[in-house]
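The structure appears right after this line, and notes come after that.
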Amino acid sequence: MADKPDLGEINSFDKAKLKKTETQEKNTLPTKETIEQEKQAK
């Protein structure tokens with residue numbers, strides 16, 4: 001168990017190996033208008 005992190009491994013990390021991913025908003029919070037409409041519907 002190493003107490004100190006191995007910085008050599010971090011410095012030699014190849015960022016090109018990382019895959020580019022498209023970030024997609026999945027759970028967007030409803031607007032105040034949407035919340036009010038839902039309250040009115042009940």
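Heads up, the Cβ atoms here are built off N, Cα and C, so glycines get one too.
Feature annotation from Swiss-Prot assigns region 'Disordered' to 1-42. Across the region 'Disordered' (1-42), DSSP assigns 18 helix, 0 strand, 24 coil.
Per Swiss-Prot, the feature compositional bias 'Basic and acidic residues' maps to 1-25 (among others).
Feature annotation from Swiss-Prot assigns N-acetylalanine to Ala2; the stated evidence is experimental evidence.
The feature N6-acetyllysine is assigned by Swiss-Prot to Lys4 (among others), with similarity to another entry given as support. For Lys4 (N6-acetyllysine), no same-chain residue that is 6 or more apart in sequence has a Cβ closer than 8 Å to its Cβ.
Annotation source Swiss-Prot lists phosphoserine at Ser12, citing similarity to another entry. All protein chains included, Ser12 (phosphoserine) registers 8 other Cβ atoms within 10 Å of its own Cβ.
Residues annotated as N6-acetyllysine in Swiss-Prot, with similarity to another entry given as evidence: Lys15 (among others). Cβ neighbours within 10 Å of Lys15 (N6-acetyllysine), excluding its own Cβ and spanning all shown chains: 5.
The phosphothreonine annotation in Swiss-Prot covers Thr21 (among others).
Long-range C-beta contacts of Thr23 (phosphothreonine), restricted to its own chain and to partners at least six residues apart, with a cutoff below 8 Å, are absent. What Swiss-Prot lists as phosphothreonine is Thr23 (among others).
Annotation comment: Swiss-Prot describes 33-42 (among others) as compositional bias 'Basic and acidic residues'.
According to Swiss-Prot, the feature phosphothreonine maps to Thr34 (among others), an assignment based on similarity to another entry.
Using a 10 Å Cβ-Cβ cutoff, Lys39 (N6-acetyllysine) registers 8 neighbours. Under the heading N6-acetyllysine, Swiss-Prot lists Lys39 (among others), citing similarity to another entry as support.
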Intrachain residues whose Cβ lies under 8 Å of the compositional bias 'Basic and acidic residues' (1-25), provided they are six or more past its termini: none
Sparsest Cβ surroundings (other CB atoms within 10 Å) among the modified residues Thr21, Thr34: Thr21
Whole-number Å value for how far Thr21 (phosphothreonine) lies from Ser12 (phosphoserine) (Cα to Cα): 22
